[in-house]
Amino acid sequence: MPLAMVEHNGLDIMCPNKYSNSSSSSSSSEQDKKIFSKLKISLSEDYPKKNAEFLSGQYGTNLLLIGAALMLAIANKNPSVKEEDLRSFTTCLMILQLLWMMWYILVRDRQKSVPPEKDVHATSGWIRGGLTLLALLSLIMDAFRIGQYVGFQPCVSAVLVVYPVIHATHTMAQVHFLWFHIKDVIKSFETFERFGVIHAVFTNILLWCSGVMSEAEHFLNNHKRRLSALGLINLTTEPQCNCTTSTCSMFATSLYYLYPFNIEYHIFVSVLLFVMWRNIGRTIDLTSNHKRQVAKNRGLILGPLVGLLALASSIGILVVYVTHVEKSIQMRRSAVSMFYIYAIVMLTVMCCAGASGLLIYRVNHMPLDTSKNPSRQLDTEVLFGSSIGSWFMSWCSIVSVLSTGSNPPYRWTNLVYSLFIVLEKYVQNLFIIESLYRQQEDRERQDPELPAAPEVFSVTSSLAPPYNGIINRTFESPDRSCVSTESEQEESEQVYGCPRKHSDVPAPVGNETVERPNIKRQILKNIAVFLIMCNISLWILSAFGCRPQYDNGLEEETYGFSIWSTVLNFAIPLNLFYRMHAVASLFEVFSRV
């Protein structure tokens, strides 16, 4: 019996002060319950979302690493891993993305009664139009690939013929998806959609890496052929499969000029899809989710003219460089020197233009736009990330120039060119980010702390009676919603239920507001257009064969052929992407100014 009582009251023996501290223990238990309930709510709300983001990110990263492992094995000429293996892997990824896009479109069609929220900042019409043009050139490239593989049909795998067919289908379906669904903010099946979108992102990144590898291999082979023609190296070609048609050489030459467009298409698509992935489950801020009306571009003369001059000059430099670099060593050196001098002049003018834009922003004190915008945030991150490639290449060139023992005629111009590459990207990135984060002027006028524009309810606002004295009470609602309704509906030129206020001030003809020309805005727009044309010019030079880093011999002497070619294969694709992304960002700057 005592043993039973001891067993029954075991907890009382372990806690002798239980009854004396009942109030404090009850309050602590209530606090523990509150903490547990808060923790439970936070886990139930945030944890699945973060968990899905983390898991989908790991899934996409591992897809990319698998493809990178295959590409490294192919680049090393490993006989156990062939190009067909990489093409089979990417074909399966494209088919999976096609299935996901079909599923998403079907589900969205069934939910027509509940239209999805839109992020108007995700993309714009001209970006989608530019991507459509790049996609069209990619389709032409697929057609040439099919023609080339058909000529080599007896000695190539059928996978190499199926790949361009699936890629063309994937391109057309993806362009349709980008046009009609890229702005969607997904709120249903969020976990599954995260995996679908991130699968599409890394599929395009892997296709971009594959295109970069093919383009780098093609350019490296051309570089070796040039050195062999100049007698600098002995190049032995391995026997290859013979083509059964007479158009194989034409297809191979055309593919070389279409590679850059296909590469830019895939990297731009991956950026847009990544913005869509970031928007999944996001709550849209309706106050900042609107597009600004495009103003008339007055005084836009100097920027386009100088930009077109730079573009025409770049095309001429490209033609001269490509034709002279394959001839004698002396002409090759003169071509490299010509490129460096021309690029230094262009980069100097670009630095001055960007610095002038920054100076205008410093003089005109405008507040920053701090609203949440995943597209704008990604633009800044991508600008910085893609700048690393050219910065690394430039600093390698600077070290090489300062440490080499040879003294070619372009040695110090290479040094100046490399320094200006670093400075130009630094200034241009600051100008773009400053422009994207500046608050637009129409929002500033809506700020209640700023002086409002004079109301035109009478001939002279200073002599007008108080506001309540000129409102007809019979048309005024108790909460004065008539006034707010009119002010909101005037933007769409529709007013219902409220009488128009007549004024003796003459109205503008054709419902157009007369604006005084803003000199600062005109200068910024001309700077943006000029920088757009210059970035396009530099992209054309590097994309179509004007790469003195291969031909000057200084960096190769310092680092060796294998190390320097590896650096170039990493840096040049990032530099090409930087130029095109800068063009897209500067278009956004042009529309915001």
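Glycine residues also receive a Cβ, built from the backbone N, Cα and C atoms like all the rest.
So that you can see what the record holds, here are the features copied from TrEMBL:
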| type | residues | note |
| --- | --- | --- |
| TRANSMEM | 59-76 | transmembrane segment |
| TRANSMEM | 88-106 | transmembrane segment |
| TRANSMEM | 126-146 | transmembrane segment |
| TRANSMEM | 158-180 | transmembrane segment |
| TRANSMEM | 263-280 | transmembrane segment |
| TRANSMEM | 300-319 | transmembrane segment |
| TRANSMEM | 339-361 | transmembrane segment |
| TRANSMEM | 523-541 | transmembrane segment |
| TRANSMEM | 561-578 | transmembrane segment |
Give the one range among 59-76, 88-106, 158-180, 300-319, 561-578 whose Cβ atoms make the most pairs under 8 Å with those of the transmembrane segment (523-541).
300-319
Who are the chain neighbours of the transmembrane segment (59-76) in space, where the CB to CB distance is under 8 Å and they lie at least 6 residues beyond its ends?
82-83, 85-86, 89-90, 93, 195, 198-199, 201-203, 205-206, 209-210, 213, 217
Looking only at residues six or more beyond either end of the transmembrane segment (126-146), which have a C-beta under 8 A from one in the stretch?
161, 163-165, 167-168, 171-172, 174-175, 178-179, 182, 251, 254-255, 258-259, 261-262, 264-265, 268-269, 272, 584, 587
Let me spell it out: take the transmembrane segment (561-578), skip the flanking residues so only those 6+ beyond its ends count, and list any with a Cβ under 8 Å from a Cβ in it.
212-213, 215-216, 220, 260, 263-264, 267, 383, 385-390, 392-393, 396, 425, 539, 542-543, 547, 549-550, 555
